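Taken from Swiss-Prot, the feature domain 'Lon N-terminal' applies to 20-348. As annotated by Swiss-Prot, region 'Disordered' applies to 395-444, 561-626. For 427-444, the entry in Swiss-Prot reads compositional bias 'Acidic residues'. According to Swiss-Prot, the compositional bias 'Basic and acidic residues' annotation covers 561-574, 582-597. Among the features that Swiss-Prot reports, ATP binding site is placed at G651, P652, P653, G654, T655, G656, K657, T658. The domain 'Lon proteolytic' annotation in Swiss-Prot covers 903-1131. Per Swiss-Prot, active site is recorded for S1006, K1049.
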Amino acid sequence: MARYKPNQQNHTDPKQQVVLPTYKLDSNLVLLPGIIYNVTFSRFKAATLLSRFKSQVSNVSLITNLLNEYDFDSKQEEKDDVESKYMPPPISSDAVTGIKQFYQYEQQFKGKNDDSSKVEAEPQSEFDWLVLAINPNLEKIKEPQTSSDDEYENIVTIARVIGMVDDTSNIKLTLQALTRGIKHNKVKPTQTNEVLIDIDWNSNIDDVASKYDVLNSKVLKLFRSIDGFIVDYRQALTVAASLAKKGKQSKDLKQKGDLLTLNPLANSLYLHLAASKDFTKAYISLQKLFGTFNSSSNTKIDNKTFLRLIDLTCAIIPFPNHEKLKLLNKFNSIDRINEVNRMLESMIQVFYNLKKNNKIINHWFYNEATNIQRANVVASQLKSIRLILEGMTNKPDKDIKTNQSPPRQLVRRGNNNKPAKSPMSDDGNESNDEYDDDEDDDDDEDELKAITSFIKGKLPNISTLSSDTKRLIVKDFKRIKSSPPGNSDFHVIRNYLEIVADIPWDRYVTRFKSNKDIDLEFAKKQLDSDHYGLQHVKTRLIQYLVVLKLLGINAEKEFEKIESENSKKSKKNESSSGSMGKNDKQRSEKTFTRSDDSIVIANNDETSIAHETARNKNKKSKSLTTIEKSSLNKSLMVSKNNKSPIIMLVGPPGTGKTSLAKSIAKSLGRNFQRVSLGGIKDESEIRGHRRTYVGAMPGVIIQSLRKSRSMNPVILLDEIDKIIGGNNGVNKFNGDPSAALLEVLDPEQNTSFIDHYLGFPVDLSQVMFICTANEASNLSRPLLDRLEMIEVGAYDYDEKLVIGERYLLPRQIKRNGIPNADLIDVDKSVMQKVILDYTREAGVRNFERSLGRICRFKAVEYSQSLEKLSEYQPKVEIEDLPKYLGLPFANLSTELFESPIESAKCGVVNGLSYNSDGSGSVLVFESIGFNHEGKSGSSSLNMTGRLGDVLMESAKIGLTFIKSIIYKNLLNLSDRNLSENLIDKINNMEIHLHVPSGSIQKDGPSAGITVALSFLSLILEKPVPLDVAMTGEITLRGLVLPIGGIKEKILGAHLNGIKRVIVPRENRKDLIEEYCRSTNDFNQLNDLLLDNENKYNFKRCEPEKFWFDKYGITIHYAREFWDVIKAVWGDALLVKVEQARMVEYHL
């Protein structure tokens, strides 16, 4: 039905007719073209409006999340009759065509495309589709001179939604008024809430310059009147304040005060003109706009700009709404010009009369009136103010007739002074609603309307609240209805009930319609697209989804079985009760379907639609059969048995733990809430404050439910190891917040979590909690026992390379304003150079910062190329990195393999460390010895390099073990005298052990074999190859014990050029697990572990081959220190050790 009309000579004829969706505002706002308005809607009304464009805005996440809160996709027959009657359907194909053609003509009208062949065929963005024909609410726009509303019933404003803000309670839509239109009521479209509209694109005006001069003179005169009024009003306020401060009066009239501040018209104008920042900003912009055309003789105004100035002037200047409606109704441009000139003259006259009358009353009050007359004037003003205030805060009861009560009787809403109500309802039946109020609850100004609606409409149907809890909430509601607003308990209980009503009871948001419809392939693709690697985390989530899917399938089969059994029982009961009378049968059915413990409170919402909907729901609830009730109970039982997992992601910073939680919520289609626990030291932050305290609020868990608008969100408890309390064993004055988390994170207890503020149990079993931590050792043992720990290890540089190419670089290109991804070319060699030489971390946070710096430099180069200052090169070369990122880190591998001149190579051994940031590195242990000639028994050991107590104890153990094997002559030395000389050498040697990087604290037991080998190398004067690194704890008997961080240490060894690594034999199972995880093949894990049980000779070497192929490192295992000596120097020194083993074996 949308079509173009050719241009015609008659200016009043429109140029376009289209079918557009319509909407009627609830307020008295009049939208004038050219202005952007921020309009606040309730969440439901905004969702109802935007649901009509659901297929066009499906990619806007903010709108999609809002629509997911309401079930707009259910079948029409499943809804209540009244509810479906007022539920607008999606826009029709005629409206879609109309929006497309409106968009095309809008582009041509704005002059974006002079060639009609280049006009875009349809809107380019999602918000371009949100075009509406806004009907003014004529019922709320009243004109002092009574006139018929038929004159304005066909006028509409064509507006587009260009923005949206969600403040968790309301939705604020930004509407851009585009042009005016007239409805064609004779031609009815195929769908309701749509209409054929004549669009006003006319901008033909004869002699626009002279008409602008007339408008400009009037506007400038009005500007002077407004500025003068604001100056006078502010001067009156200043004089009054100074006189009140001095406490005396002046004889000068200007210093005696000004009665302008007592004038209601002056107060209203000043509040509109000066008290609003938005008006001040718009008013200044309007002045500048007129000044632009007045100051420059070269700037000539065109027809479009002139007509836009008319609408802008009328919209910004504080004209009444009925005057704005008149201007909106002027379709003819000449009529519009005459109307705005008349309005300007009227407004100028208002300011002139105000100034003139104020001058007269000031002269009479201060110069002619007596003291009694002045007192009477002030008393009359105060009396008028009191009557107005009483009229604003009180309202007479609608049920009391005017002839039955004094005209001056004031009745407060919601008190106990309401008239007695008959115990019989209108239809003659007994009323069971003991909480039913009068019609004052229907008033839009009733501050308890939302609470009343919740108590009467939603509370009885909440399945997760017990009857005792509902009874306590209703009891508090009765208390607030019977107490005056001035009572202190009134505000406390009102805030409490508002928070209770704001919790999204029984609302579950998910991507899938039911559990049995869960799409596992979609979830896998979503997780893989958001994160690279982390297969063990993804596997755990997929397992959870599989469990949900199977439970949904089993529940559906169980429901069918229950229905078949109950249908057989009902048939038997019907056959056996055939002789029962009709009245008795009806009476028995009524008592059978009615539940004794149910609380049924009639809905008393603000509209008649809500009344009818509530009655239909009550009828439905009364007609529930036992089969339906058993199905609902069974569904609830299955949901209760399905506990959401409580996962803790442990790993170094920057490894994607927080973003992984967001990806989990996205794949499940649930709302996501992040709660930062770092630094929390008060137990009330978790469990809430008790209502008796001033400013009491619920805890972060309940607040997260309110923000997410659902009872099954994904809540991320970020940095749970940074919470104050936990494993330090210190009693806190404000309680232990980590202990408060025990109930929240226990699946057996969080079904009845009690927040101190609410005071009743809340079911958290459907909430998916994900915790993140850097160090699990900082958590208390009871809390750690409740969490399912998943370790997120450090990334190797291959994984960082893929992450940088797929995720980090495209994101930084977009964030830094690069219009096209092809404008920055970073190949693998450059990215690998950045990873190895400019970042040393377990995660990718600094890596992303480095890529961001490169993008910013390239953005500067690109902007200079646009100004033709230089030529732009997209490719980033390795030689450019020092210019972009500065100097690289020092290469430790050169320090390892290049020894200083004349330095002793003996006593230098490479160890492996696990750093605090989650990465691995190589530590060089240096030992130097001095012999004291002539002094026997003067050996000593000095250790430097900020070594911790555990590391120094390991060094002492290693030195004692080396002394013991030399004293026992267990090493195969060539000369006996050499062995005796070694004993004397040890007894008289002063050993100094140093670990470089002295500013870094070092501690831990994993350097035991490294230190022991360093001492042995020093004593035997036998150097250790520099391409060997080792890690492991040593005992006094020479056993090598397992340690942690094997993967990170091997990666650090590889980055520093190490070719051979010695690790404890017991750590081989960790390498096997990492091998299966990296290859994503856990089928052979059991076989590899069985083969690993042979401690001396395992047969399967796939893990070792994997590490060699990936990093070029040969792995050696050590059960005893002798295995370390064998891996470093061979079997030559161990002949006596093998002989001693054979003797011990025969014995």
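Just so it is clear, glycine is given a Cβ too, placed from its N, Cα and C backbone atoms.
The Cβ centroid of G651, P652, P653, G654, T655, G656, K657, T658 marks the ATP site; residues of that chain outside this set whose Cβ lies within 8 Å of it are L649, T772, N774, V792, A842, G843, R845, G918, given in sequence order.
Taking the recorded positions T655, S1006 in turn and counting surrounding C-beta atoms within 10 angstroms, the largest count is reached at S1006. Here the binding-site residues are P652, G654, G656; the one with the fewest Cβ atoms within 10 Å of its Cβ is G654. Across the domain 'Lon proteolytic' (903-1131), mean pLDDT in this model comes to 86.
Taken residue by residue with DSSP, T658 (ATP binding site) is part of a helix. Cβ-based neighbour count (10 Å, all protein chains) for K1049 (active site) stands at 28. Ranked by how many other Cβ atoms sit within 10 Å of their Cβ, the binding-site residues G651, P653 place P653 at the bottom.
Classification of K1049 (active site) by DSSP places it within a helix. A separation of roughly 17 Å, to the nearest angstrom, links the Cα atoms of T655 (ATP binding site) and K1049 (active site).
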